[in-house]
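Enquirer: Below you'll find the structure I mean.
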Ligand SMILES: *[C@@H]1O[C@H](CO)[C@@H](O)[C@H](O)[C@H]1NC(C)=O
Ligand SMILES: *[C@@H]1O[C@H](CO)[C@@H](O)[C@H](O)[C@H]1NC(C)=O
């Protein structure tokens, strides 16, 4: 049985190898048309190695599927191999119908909103836009991309609110939108269709998001949740829980206010916790001592205020300012934590 299996596998591999040179010999004509249009959207010489039209799969920034020869991903970055795309993202990207991933990174001269034609890319799984001057909204037409799993649009100039329709994407599990000018509140629909056994990552730090953290997030299996440096208010205690898989929780620099006393920490998985610079009150449960992997903890600048300071077991030592609005308990809570970082 083993030998038969090997032979079948061997055959499949041989077919793959045979298919490769044939497929990559000619550029698919629909892909080529879209790429030529893309090329002509930028100033002359931008894509200087895009010369031999027969072999578009070898052009800088283009990746093709070895089997089909179709263009499956675009990767542009002005670093380390400089391709500095200047101008808007060309609508012709939407004509590369087999695209699975697009990356536009470190491109300060890439400007303007995302073209609506991106909504035609029904196989698109990964969008990665990092450090650009792209602007405009996080488009609601992204919800027309049923395969989308990974949406990263960070350190750019996106504004407006996060479209609730993103919650209709059942495969979307990684959402990184930090470092933009996003406003409005966080839509409760986000991750609502994601399988509960799948870990989600949400990163919305450094925006201007306001309102409450959605209560629906209590049942999302976050691996990491970063909401720091916004204007969020109210309760966030439901993000915690003893048996949650979450390892990173960053909620610092908001206006969150809730009682931390009965919060149970996800002690099995917790690596890093920052709830500093909020208006959180109550006390810190001893249960946090069970978080043996925790190496970064910041709870400073909140409203923790207890009558007794328990210096003897170093559990909670609060620096009590006159108004109890600032406290520095963190370093002392885990004296070993500082040395490890
Ligand atoms: C790409 O555009 C440049 C002008 O920037 C042009 O010289 C070149 O021929 C174009 N490439 C192809 C394959 O048409
Ligand atoms: C956006 O453009 C400005 C200049 O117009 C530049 O200083 C800045 O670095 C750019 N931003 C990014 C993230 O590339």
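Glycine is no exception: its Cβ is also placed from the backbone N, Cα and C atoms.
In TrEMBL, annotation is done automatically, which means it is predicted and not curated.
Keep in mind it's a predicted model, so treat the numbers as computed, not measured.
As annotated in TrEMBL:
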SIGNAL    1-25  signal peptide
DOMAIN    29-65  domain 'Leucine-rich repeat-containing N-terminal plant-type'
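Describe the structural context of these features.
Expert: Mean model confidence of the domain 'Leucine-rich repeat-containing N-terminal plant-type' (29-65) amounts to 93 (pLDDT, 0 to 100 scale).
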Enquirer: Give the residue counts of the domain 'Leucine-rich repeat-containing N-terminal plant-type' (29-65) per reduced DSSP state, in the order helix, strand, coil.
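Expert: Split into helix, strand and coil, the domain 'Leucine-rich repeat-containing N-terminal plant-type' (29-65) gives 18 helix, 3 strand, 16 coil.
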